[in-house]
Each structure stands twice: as structure tokens, then as C-alpha cells.
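Undergrad: The domain 'Semialdehyde dehydrogenase NAD-binding' annotation in TrEMBL covers 3-141. Sequence annotations record features per position, and here TrEMBL assigns active site to C149.
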Amino acid sequence: MLRIGIVGGTGYTGAELLRLLARHPQALLTVITSRSEAGLPVAGMFPHLRGQLDLCFTEPDPGTLAECDLVFFATPNGTAMRAVPDLLERGVRVIDLAADFRLKDPALWEQWYGMPHACPELLSEAVYGLPELNRAAVRDARLIANPGCYPTAVTLGLLPLVASGAVDPSWLIADAKSGVSGAGRKAETGLLMAEMGESFKAYAVKGHRHAPEITQNLAQFAGAQVGLTFVPHLVPMIRGIEATLYARLVDPAIDLDSLFADRYAGEPFIDLMPGGHPDTRSVRGANVCRISVSRQESMPGVVVVQSVIDNLVKGAAGQAVQNMNLMFGFDETTGLEALALLP
Ligand SMILES: NC(=O)C1=CN([C@@H]2O[C@H](COP(=O)(O)OP(=O)(O)OC[C@H]3O[C@@H](n4cnc5c(N)ncnc54)[C@H](OP(=O)(O)O)[C@@H]3O)[C@@H](O)[C@H]2O)C=CC1
Ligand SMILES: CC(=O)N[C@@H](CCC(=O)OP(=O)(O)O)C(=O)O
């Protein structure tokens with residue numbers, strides 16, 4: 001059994017990791033940290049884990065974490081980078097669900113995250129953990145940068161188009177919407193039901209920190225400068241991301257459904273839905289990205305992709321478990337077989 005630690009076990013992605021790992025046949029949860037709940041039983045805070053997990057939250061402690069085979073960081077940006085060098089040194093492998101190791105350029109990290117990077121020397125080693133893009137490297141990684149939620153939905157939706165040269169990479173638009181759990185479990189006025197319920201708005205229109213992450217992903221395949229307009233929206237639902245993506249086709253005669261089917265053949269967590277309108281409830285709780293690709297008769301030169309994920313599953317904890325399975329040689333789908341919840 002793999003001994004697993006989770007730093008940040010009281011947040012939404014930490015709780016989702018607990019839900020998935022409590023039933024994973026090869027995973028043994030040994031350390032779950034929380035500074036605010038240290039000493040309290042995990043199942044006391046999360047009753048859905050009663051009878052599944054007999055552990056108490058503990059303060060994050062490097063010595064205890066070093067006894068694990070793998071540590072997940074489900075913590076705010078800028079937390080993992082302070083602890084990771086020591087854990088790697090002690091032979092522990094790490095999956096960071098935050099953004100600390102996602103951007104390869106430390107100056108870009110500082111620009112978007114507002115602090116200098118604590119261990120820039122590890123950025124080149126860290127593997128971006130999107131298996132559909134990077135599966136072989138994930139298997140051998142000591143350190144995984146688990147992708148952001150929006151970047152997962154947007155990258156998977158645009159990748160077949162950009163990588164095949166079917167679209168002009170300098171003109172990409174991503175219009176993305178997220179449920180409120182994407183903002184984490186912190187108390188914030190703008191996230192109150194009375195503030196965001198029955199309402200809907202775009203935010204970070206001038207620039208969101210996920211834009212450089214998506215651009216970095218696509219640039220590896222584009223063969224030319226990537227130009228992306230990315231606008232996120234907050235919608236009054238709890239889970240889910242829907243990204244509607246637009247790009248200009250180089251050859252309007254291309255068979256788009258075949259292009260996507262070829263790119264994602266054999267992918268266990270990509271579901272192509274030709275002619276469909278994937279909705280967020282069809283992925284709630286499931287580790288899947290459901291994609292449809294279309295064009296309008298009046299604008300045959302513009303492709304429209306719809307891509308949906310559960311931000312906490314394929315957009316965070318499920319993807320992290322998928323990466324863990326690859327890193328430790330388990331079947332990639334172990335512990336991730338659950339279907340979506342409907343309704
Ligand atoms: N929510 C989402 O949909 C997604 C989130 N992410 C990323 O995953 C990370 C976690 O997100 P989320 O679960 O939503 O966040 P939450 O705010 O819900 O939870 C954060 C957790 O981290 C702990 N924590 C906070 N500060 C520290 C610290 N300095 N040292 C140790 N533990 C700390 C908190 O517990 P305590 O304070 O008790 O120690 C809490 O358990 C973030 O970086 C987020 O950007 C990525 C993809 C999707
Ligand atoms: C709805 C909402 O607020 N979403 C978050 C996405 C946060 C996230 O998961 O991003 P990182 O892992 O890169 O921090 C936001 O826009 O900040």
C-alpha cells in the first residue's frame with residue numbers, strides 16, 4: 001500500500017482527494033493536515049467519511065510527511081514551494097494541486113502570483129500533470145504540477161485543433177464559466193449565496209493567471225505564437241466548468257469529429273459527444289472531460305468547441321489521483337470509475 005499524506009485536508013480539493021482515496025485499493029492515507037482543525041477526527045468534519053477513515057487532522061510537520069511515499073498539497077498558491085525541496089530530498093514524491101510548479105518561467109510566476117518563487121531550480125524538473133498531454137513524463141516524475149481547473153477544460157478542448165495545425169493559433173478565444181467551489185472554501189463576501197446567487201458575471205477580464213498557463217500548454221504544440229483571449233465567469237452553481245472555445249480554421253473543409261476522435265482515441269477520461277451539448281451536470285463527481293465540436297453554417301471558417309469538467313475532479317483531485325496512478329504503475333483508472341451524479 002502507498003502511504004499518502006495530504007496537506008490541506010479541510011479545503012474543497014483536499015476533501016475531494018479524501019473521498020477518492022478512501023476507496024482506492026492501493027492507497028493508505030496516513031497524514032491529513034489542517035492547522036485550524038488539528039487534533040479533530042477527519043470524519044467528524046466530513047461525515048461522509050464515517051467508517052471509511054480513522055484519522056485525525058494534524059499540524060503540517062515535515063518529519064511526519066517525510067514518512068509518506070507521496071504527498072499531495074491541496075493548499076493555497078505559494079505554500080507547497082516552501083516544503084517541496086525538503087520532501088524531494090527525503091525521497092518523497094509530490095503532487096501539488098496549486099500553481100506553484102505549473103509555469104516554467106519564474107519571472108512569469110512572480111508576475112501573476114505576486115511573490116518570488118521559493119525554489120525556481122525545481123521548475124524545469126516539475127512535470128505538468130495533464131496525462132492526455134504528457135503521460136510518459138508523468139510516469140517518471142518526482143514532482144507533479146497538477147493543472148488548474150480552467151486550463152484543464154480549455155487545453156483539452158483546443159489541443160487537437162492547435163496540435164494538428166487546423167486553426168490559426170494566434171486567434172483563440174476561451175469563454176469559460178465556473179461554479180463557486182472553484183474559489184475554494186474560504187469565507188468571502190462575493191462568494192455568499194446572496195451575492196452571487198441568481199446572478200452571473202465575467203471577472204478578471206483584463207487578465208487571469210490561468211491565461212499564461214493555457215498559453216504555455218498550447219505553445220508546445222502550436223509551432224507559432226499563441227494568441228489567447230481567456231475570460232472566466234462565475235455562475236451560481238457549486239461544481240463544474242463549461243468552456244466555449246472559438247478558433248479560426250485554416251482549412252474549412254476539415255472533418256472535425258475525426259480530428260478529435262483520432263487525437264483522443266483510447267483516452268479513458270475524454271468523452272467526445274459529436275453534435276451534442278455537454279453540460280456540467282453530466283460530469284459532476286466524475287473524472288471526465290466531455291467535449292463537443294461544431295461550426296455554424298453561416299460561419300464555416302470558425303470552429304466552436306464545448307468542453308466541460310467537474311473543477312474538483314478532472315479539474316483537481318481526480319486528475320491528481322490519475323497522475324498518482326501513472327506515477328506508481330497502477331491502472332490509470334483505479335479509484336476513478338465513478339459515474340457523474342444526475343441530477
Ligand atoms: N477549488 C478548485 O476547484 C481548484 C483548486 N485548485 C487549487 O488547489 C489548491 C487548494 O484549493 P481549495 O481546496 O479550493 O482551497 P481551500 O481554500 O478550500 O483549502 C485550502 C486548504 O489549505 C490549508 N492551508 C491553508 N494555508 C496553509 C498553509 N500555509 N500551510 C498548510 N496548509 C494550509 C487549509 O487548511 P488550514 O488552514 O486548516 O491548514 C485548507 O485545508 C489551491 O491552490 C487552488 O488554487 C486547483 C484546481 C481546482
Ligand atoms: C471560480 C473561481 O474563483 N475560480 C478560481 C480558480 C482557482 C483555481 O483553481 O486556480 P489555481 O489552482 O490556479 O489557483 C479563480 O478564478 O481564481
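Every residue gets a Cβ built from N, Cα and C, even glycine.
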Undergrad: Does C149 (active site) have same-chain partners at least 6 apart in sequence with Cβ under 8 Å from its own Cβ, and which are they?
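TA: Correct list: S178, G182, I241, I309, N311, L312, G315, A316.
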Undergrad: When the pLDDT values for the domain 'Semialdehyde dehydrogenase NAD-binding' (3-141) are averaged, what is the result?
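TA: A mean pLDDT of 98 is what the predicted model shows over the domain 'Semialdehyde dehydrogenase NAD-binding' (3-141).
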Undergrad: Reduce the DSSP letter at the residue listed as 'active site' to three states and note it down.
TA: helix
